[in-house]
Amino acid sequence: STTTAPTGDEGGELANLLEAHLEISKLDQLVREAAQGHFDTIREFVTKHPDQVDAQSHGKTFLLVACHQGHMDLVIFLLNNKASINLTDEEGDTALHYAAFGNQPNIMEELLERGADVNAVNKSSCSPLHVAANKQFVHCVRVLIKHKANVNVQDSYGDTALHDAIGKESLDIVDMLCSVHGADFTIRNKRGFNILHHAALKGNNIATERILSKARHLVDVKKDDGFAALHLACLNGHRAVVETLALQGQADINLPNNKKQTPLLLAVSQGHCSVVEILVGQLKVDMDIADEEEDTPFHVVLLKRGSIHTEINENEAPSIYGIWAELQATHTDYPVAIAIACYLVQEGCSLDKTNAKKQIPFDLISPPVQEIVRQYIPSKMSGSVAEGVGEEEVEERSRSTPVECGVCSELADSNVLLEPCRHRVACEECSALMKKCIQCGSQINKRVTQDGRLIACKSRQPSAERLRYLESKIAEIEEAHCCSICMERRRNVAFLCGHGACDKCSLTLRICHMCRKTITKKINLY
């Protein structure tokens, strides 16, 4: 084969390409030098080539990388040599964005003092405040607020910095942003969520409290689909937020959305037991409001029973947990949903309301399950004696003398009726912990108070999850205090590197067994 020598023009082009490539390679190296804070190298280059102070390598300048890494002396030198303070990279990020990404509040202060645009947005419409809030850099947020950053700027998703801070659960930043004069809490993102909606959605209770203290009028404001903050909190099972919205925010607890769903209907549909208990037991919501299909909460929990598999927190939903525990002996299918249904019945929901298909709730379950649920129908006292209550109970209720609990010896108006044995031997608290009657030894199926309420069975033992947690905490404590070499004696000697051992194991050590640093001093701990 033969080769042809390049012509003069071709040779010149090749030389230019090689020179350009060398320039780019050199520039890449210089930007890396700037990122590493090699001041002398950059000073020498900029002094020789002042027109290239803003030279870019893959969109990055000396100033951008120096700001990100926090090299103050280099930043000041570059700015003094006319580096463009608002120049952007390929993503539209300015030096102030870079300083925010790098958590460099002092650099940000310097840039802002020299006229950097505090509200500059990148190609995602994110301002430096968005970046700092999203990264949870408290000091950076403080600097930006000090320099009057606009807290109402929205990014490409329509989120403000406060939306981001709420999502990240950055409580200090939420506090700061909520306190800024001119903060607009009504701004909605592209999904239609204002700040309070977003806090309720994410379950951020502290943010909910702060926002309500500033803008309580938002509490019942609805999204386009009719969801207010309380709907969102109930749908997602955020019990603390539900309580805050209802008590501090005075939210309408029976507010319907566009599908006529109340907060209770939404909580029931997802099986959020703790939310159901606070709505029904504490807030006394209307349990019989129906949705657009004319289904009540009692209907809904039975219709959705196949998809309800949530765990029940015994501390947050003791009544439903007690019912669920009793159902375990019956081997009932869908025990969580049936436990919620029994709880609603126990609390007095309507049993015979029909839906759009002319069904009452009991039409949705089999006769054996119907029988289980009917056991939780409270006794109705209509001026005389409830059905199934004999003369013994009437006499018991007519007594004016307090009776003594056979377990704790406390006095009460009446002890709890145990079924099926029908003995009254203990108060409400003690009977809730009893599995068998202490008088006759028979298994307890139901506990009924004087006014017809059913007392749920409570577990005396901590849950397996709680035991695992306690075991892990004990292991952590032991690990923190025991010598990590012998794992027997207490760690009572510390080294300057921060690690330590017991006095016996440390006696012969010359190098730290954890970090391999030379031990220069051993400090006895008492």
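Including glycine, each Cβ sits where the backbone N, Cα and C put it.
Just so it is clear, the model here is predicted, and its values are computed rather than measured.
Sequence annotations record features per position, and here TrEMBL assigns domain 'RING-type' to 483-516. When pLDDT values are averaged over the domain 'RING-type' (483-516), the model yields 85.
TrEMBL lists 58-90 (among others) with the feature repeat 'ANK'. Counting only same-chain residues 6+ beyond the ends of the repeat 'ANK' (58-90), those with a CB under 8 A from a CB of the stretch are 28, 30-31, 34-37, 39, 42-43, 46, 50, 96, 98-99, 101-102, 104, 106-107, 110-111, 114-117, 120, 122.
The annotation repeat 'ANK' is assigned in TrEMBL to 91-123 (among others). Taken through DSSP, the repeat 'ANK' (91-123) splits into 16 helix, 0 strand, 17 coil.
Annotated repeat 'ANK' per TrEMBL: 124-156 (among others), in sequence order. Within the chain carrying the repeat 'ANK' (124-156), a Cβ under 8 angstroms from the stretch's Cβ atoms is held by residues 91-92, 94, 96-97, 99-101, 103-105, 108-109, 112, 118, 162, 164-165, 168, 170, 172-173, 176-177, 180, 182-184, 187, 189, all 6 or more beyond its ends.
The annotation repeat 'ANK' is assigned in TrEMBL to 225-258 (among others). Note on the repeat 'ANK' (225-258): residues 192, 196-197, 199-201, 203-205, 208-209, 212, 216, 218-219, 264, 266-267, 269-270, 272, 274-275, 278-279, 282-283, 285-286, 289, 291, 310, 316 of its chain, located 6 or more positions outside it, place their CB under 8 angstroms from a CB of the stretch.
Here the repeat 'ANK' (91-123) has Cβ contacts under 8 Å with residues 59, 63-65, 67-70, 72, 75-76, 79, 85, 129, 131-132, 135, 137, 139-140, 142-144, 147-150, 153, 155 of the same chain, all six or more residues outside its ends. In the repeat 'ANK' (58-90), helix, strand and coil residues by DSSP number 17 helix, 1 strand, 15 coil.
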